[in-house]
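What follows is a single structure, written as structure tokens, with notes after it.
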């Protein structure tokens, strides 16, 4: 090969290496910062929650979920940053495999949830009922439930009768809340003052007799129907979750391939090693500590 062509090939190889390195560093750094932000928000929310803590269930503590998500994102992304800066093949492979495993688990989870749709709905309804039992004791769940009921015009998990699980709304309770639902279940007229007693004495009534006073459909079905009707938003959410992970796996795979090629080319073209030691260097290039000098 003429010298000019050889130099051009080396330049193109070097350019692709630098482009992939830059892309992977930016990718990892962005998600590292996002992970740190999520972790910080989760810690702050948990500190605030501890002031009023009465429950132990992680389902009822979004702060715990944020902390776990933030820790995973922070650690995995830091591995990606370190691996891409140091060209550490072991860390690069670990980063790629972790992203790939997370992506596969999410895909399998989504498929299983669709196949066992009824069981998934029952699982959600059971968890909502457990949250309703402690509605007035856990501020996190109360805020989430109130928001969902107002925005999606629904009441309870399966239906409005789920509120009988709460000790204050149970029809056998002695207080004024007995047999009622929270005011966030009520039909609202924005021009009128909010009537917090609008849902009283409704749980023991038939659906037809209260459907003009409160929302009778459950929030689980209401949210699922909303996503079904707004499938473009649902598709966007799924792409927003899955596409970055797929992009990370692809970038890391291409970068690993390029680093391995450059390690081999560097060893051969420099003529520093004999035939007997070349294989050993190639084997070391796929190990945990071989870095290409920059």
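Note that Cβ sites are derived from N, Cα and C of the backbone, with glycine treated the same way.
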Check your understanding: Membrane-wise, does Swiss-Prot list residue 16 and residue 90 under the same topological domain?
Key -> yes
Check your understanding: Near the Cβ of residue 230 (N-linked glycosylation site), how many other Cβ atoms are there if near means within 10 Å?
Key -> 12
Check your understanding: So which residues does the transmembrane segment (63-83) touch in its own chain, when a touch means Cβ under 8 Å and the partner is 6 or more beyond its ends?
Key -> 24-25, 27-29, 31-32, 34-43, 45-46, 48-49, 91-92, 94-95, 98-99, 140, 248, 252
Review point. So which of the disulfide-bonded residues is most packed in, judged by how many other Cβ atoms lie within 10 Å of its Cβ, out of 154, 155, 171, 179, 198?
Key: 155
Revision key, fill the gap. Among the disulfide-bonded residues listed as 155, 171, 179, 186, the Cα nearest the Cα of residue 230 (N-linked glycosylation site) belongs to 155
Exercise for review: List, in sequence order, those recorded positions among 118, 155, 171, 179, 219 whose Cα sits within 10 Å of the Cα of residue 186 (disulfide bond).
Suggested key: 155
Practice item. Select the closest residue to residue 219 (disulfide bond) from the following recorded positions, measuring between CA atoms: 118, 155, 179, 185, 198. Key: 155
